[in-house]
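Below you'll find the structure, written out as structure tokens, and then a few comments.
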Amino acid sequence: MIGSVFTHSATARPPLLVIVGPTAVGKTALAVELARHLPMEVVSADSRQVYRGMDIGTAKASAWEQRQVRHHLIDLVDIDEDFSVADYLERARPAIAAIHRRGQLPVVVGGTGLYIQALTQGLVDLPGAVPALRAAWREQELTEPGSLHRQLTEVDPALAKRLHIHDVTRIIRGLEIHAQTGRPLSAFQHDHGFRQQPYRVLKLALQADRQQLYDRIDRRVEVMLEQGLIEETRALLQRGYSPQLKALRTIGYRQSIAFLLEGLGLAEARSWIQRDTRRYAKQQLTWLRRDHEIKWVEYPQQSATILAWIDTILCKCT
């Protein structure tokens with residue numbers, strides 16, 4: 001069956017392959033390899049790869065990789081535009097439907113767990129944003145750092161426990177939901193249960209020995225700097241983007257900004273990026289290990305096994 005065109009009946013849930021894993025583990029490499037054997041297209045699930053101009057620091061698929069297999073959900077918005085999970089679903093679902101209509105297998109590749117959870121299990125129906133409230137809370141956080149997290153602890157302790165004190169965007173969302181409904185966001189999430197299954201999903205998580213993964217991360221950071229991460233960041237600032245933008249406060253870019261504007265040394269910037277990336281990889285693994293539907297595999301050691309498994313499981317949908 002490998003290499004055949006994926007189809008499904010009108011009543012069957014359409015197939016969806018999801019490739020996850022910590023940063024630098026080899027998700028894109030596996031997708032390119034699979035594309036040599038499967039009729040497939042990639043749907044990115046990376047919250048930073050939606051931004052135009054952020055290529056090196058987000059490890060976006062190269063031009064060569066994009067020629068090997070068609071990619072969707074990258075380069076969607078400018079870095080000063082808001083882009084939510086709901087925005088992601090609004091773009092991802094039609095893209096996946098179109099891939100199915102073309103007789104191809106959609107393969108979701110990425111490390112943003114919230115995107116993947118929403119895509120495979122649905123999104124909680126919640127009230128929209130209130131810009132005036134958000135602006136007031138952001139101003140408050142600037143003058144009283146940490147105060148928003150303390151407020152959230154009072155109205156939604158379950159959510160506050162899950163969020164880092166500096167995760168201001170999600171903290172504000174929790175406060176915003178409570179202000180509009182009188183209920184904690186965590187209660188809405190609990191009621192929803194994330195049990196919707198719009199697709200027949202096969203989740204594949206790549207794993208590596210911890211030291212091997214950390215070595216890959218360290219090398220990736222070195223390659224990013226060699227490829228021009230500092231120059232990419234400088235170009236974004238020269239286009240007039242504020243260094244305080246959420247997108248530019250993420251790993252790789254905030255350290256590059258510290259190098260460009262704050263006198264941080266290059267060696268210190270490199271070490272800082274490597275350290276933060278290792279921490280992020282640990283957070284990703286913690287998230288993934290909560291999902292008991294995931295099949296863990298070693299890559300590239302188990303490449304043949306992966307292909308056979310996909311053939312056995314997903315082709316039952318045809």
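From the backbone N, Cα and C atoms, a Cβ is placed for every residue, glycine too.
Feature annotation from TrEMBL assigns ATP binding site to Gly21, Pro22, Thr23, Ala24, Val25, Gly26, Lys27, Thr28. Under a cutoff of 8 A between CB atoms, and with a sequence separation of 6+ in the same chain, the neighbours of Thr28 (ATP binding site) are Ala59, Ala61, Glu65, Val109.
For Thr23, Ala24, Val25, Gly26, Lys27, Thr28, the entry in TrEMBL reads substrate binding site. According to DSSP, Thr23 (ATP binding site) sits in a coil region rather than a helix or strand. In the shown protein chains, 21 other C-beta atoms lie within 10 A of the C-beta of Thr23 (ATP binding site).
Per TrEMBL, the feature region 'Interaction with substrate tRNA' maps to 46-49. Restricting the average to the region 'Interaction with substrate tRNA' (46-49) gives a pLDDT of 97.
Cβ contacts within 10 Å of Thr112 (site 'Interaction with substrate tRNA'), excluding its own Cβ and spanning all protein chains shown: 20. The site 'Interaction with substrate tRNA' annotation in TrEMBL covers Thr112 (among others).
Annotated site 'Interaction with substrate tRNA' per TrEMBL: Arg134 (among others), in sequence order. A simple way to gauge crowding: the CB of Arg134 (site 'Interaction with substrate tRNA') has 17 other CB atoms within 10 angstroms, across all the protein chains here.
DSSP assigns Thr28 (ATP binding site) to a helix.
Here the CA atom of Thr112 (site 'Interaction with substrate tRNA') lies 10 Å from the CA atom of Gly21 (ATP binding site). According to DSSP, Arg134 (site 'Interaction with substrate tRNA') sits within a helical segment. The binding-site residues in question are Ala24, Val25, and the one with the fewest Cβ neighbours inside 10 Å is Ala24.
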